[in-house]
Every structure is written in C-alpha cells, then in structure tokens.
C-alpha cells in the first residue's frame, strides 16, 4: 500500500511540451492563437450579449445558440491561456492537480458541446418538420430542463475520467507530448494497468461520440428530405436550408477532428497528429462558430446591427 502511494506521488507536476518542438515557430503561433482567441471571445461574447438583450431572439434556437457561445468561450479558456504562456515559458510545468482539473473541464465542456449540437439539430427538426407541435414540445420549461441536462450529464461523464486518471500511478517520465492535459497522453505516462481507462476512452466515449454524431446527422438528413418532398415554396426552402447549413457546418467542423482522435485506437503512434488536430477544435473551431452564425443567420446579423447602432 505504501509502495503504491509512493509511486503515485513520485510525479507532482507535468511538463507540457507544446504544439511543436520548433522554437522558431513559437512567436508566429503565439500571435495566431492569440488572434483566434480574441475572435472567439469577442464573437461569442457578442452573440451571447444580443441573445440575452434582444427580445426578438428569445426563442429556443437562440437560447441554445447562447449556450453554445458561452460554451465555446469556456472551452478555449481551459487550454488557450496556458498554451499562450508556454510559448515563451522555460519551465512549461503544470501541477498534478492543475493537470487533472484541466483534463476534467476539457472533457466536460467538449462532451457538453457534442450533446448541445445534437439538441440544436433536434430543435431544428421539430421547428421545420413539426411546426404545429413546436411551441408545445420546445416550451421554455423544457428548454431550461434540457439545458441543465446538457451541462450536468457531461460533467458526471468527465468526472469518471478525471477520478480514474487521478488514481493512476505516474512513476516515470512527466513529459506530456501535448499542449494541454488530456486522458490519452496521460495514459502513455502511466505505470500499471490502464485497460479500464482505455476502454472508457476508446469504447464508451467513442460510442457516445459516434451515437451523438449519428443522431445529429439523422436530424439534418430528415430535415433535408422533408423539405424537398413537402415544401413547394422556394423562399421557404431556401431559408430553412440556409439555417440548417450553418448548423451542419458547425457540426462537421467540430466532429471531424474529434472523431479522428477519439475513435483512433492506436493511441501511441498518433500523439503527434493529435497535437496538431487538437488545435483545430480547441482554437480554430470556437473562433469559427460565431463567424458562421453571424454571416449566415439573418436574425443574428440584424440583432447585431441594431445593437451596434444603439452603441454608436
């Protein structure tokens, strides 16, 4: 028992090796990541502000869009500030507790976004394919209950990963070949049996991710099929498809890198690729989401323009 405790406490901090080993690229990467983070916070902050302040946007779709905007800011904030610091830091250290905390909130917010995108797809399905039942199905009470579930369930899911990872023995190298703490690179450093952790990561989390993606895709597939078969008005068809296109674009940008990393069972050989792809969903995707929604959504653009005119 004492030996296990000693092994567990041998590693008190980890060293995050960052995005690249080429030091000359760090200033360029710092400016690029900082600019993307600014776009993320400013863009999603603007969406959150207008969704709350504009009564015309007090609808289920924009309620969930506001949740997505808040989520994207939080999701990037879990990893980007430490990433920016480490571009010029000599130590690149993160404490054991800090690492597990970052791991927990990264998985919590990432899972929340996957679930939220599925709910947003279902919301569009009900609004377009069951318009007469929409007010009853997606009333304010239901939306609040769904939102609470969207945030609560992934928190518990991430807590399982966090607790099991924190119980592992780390008695060797403390160099994490990543720019943040995640389950996959930490498992590469663990001593002892990690079969349960790997099963949870590759089988359970992978199955949940594929299931949510399938449900999201099914909603949009049904919407497109319904519109082409039932809608005779070209303007209505164009408006509905335009709304769905922006949502589906966000879904594809989010899921493409996530599915590549978490469904790939060969965790050891893919860590270098994982670092590069992780930049996509931690830095790029949260910055693109507000641009996609503001450029493609007429109501959001209109509300933003009205707010700018008031401020000026």
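Cβ coordinates come from backbone N, Cα and C, glycine included.
Mean pLDDT, taken over the domain 'G-protein coupled receptors family 1 profile' (43-293), works out to 86 on the 0 to 100 scale. Summarising the annotation, TrEMBL assigns domain 'G-protein coupled receptors family 1 profile' to 43-293.
Residues or ranges marked as transmembrane segment by TrEMBL: 28-52 (among others).
Under the heading transmembrane segment, TrEMBL lists 59-81 (among others).
Annotation comment: TrEMBL describes 93-122 (among others) as transmembrane segment. Counting residues 6+ beyond its ends, the transmembrane segment (93-122) has Cβ neighbours under 8 Å at 11-16, 61, 64-65, 67-68, 71-72, 74-75, 78-79, 82, 146, 150-151, 153-155, 157-159, 161-162, 165-166, 170, 176, 180-183, 186, 208-209, 212-213, 215-216, 219-220, 247, 250-251, 254-255, 258, 281 in the same chain.
Note on the transmembrane segment (142-164): residues 60, 63-64, 67, 100, 103-105, 107-112, 114-116, 119, 183, 196-197, 200-201, 205, 208 of its chain, located 6 or more positions outside it, place their CB under 8 angstroms from a CB of the stretch. The annotation transmembrane segment is assigned in TrEMBL to 142-164 (among others).
Positions annotated as transmembrane segment by TrEMBL: 208-229 (among others).
According to TrEMBL, the feature transmembrane segment maps to 241-263 (among others).
Per TrEMBL, transmembrane segment is recorded for 275-295 (among others).
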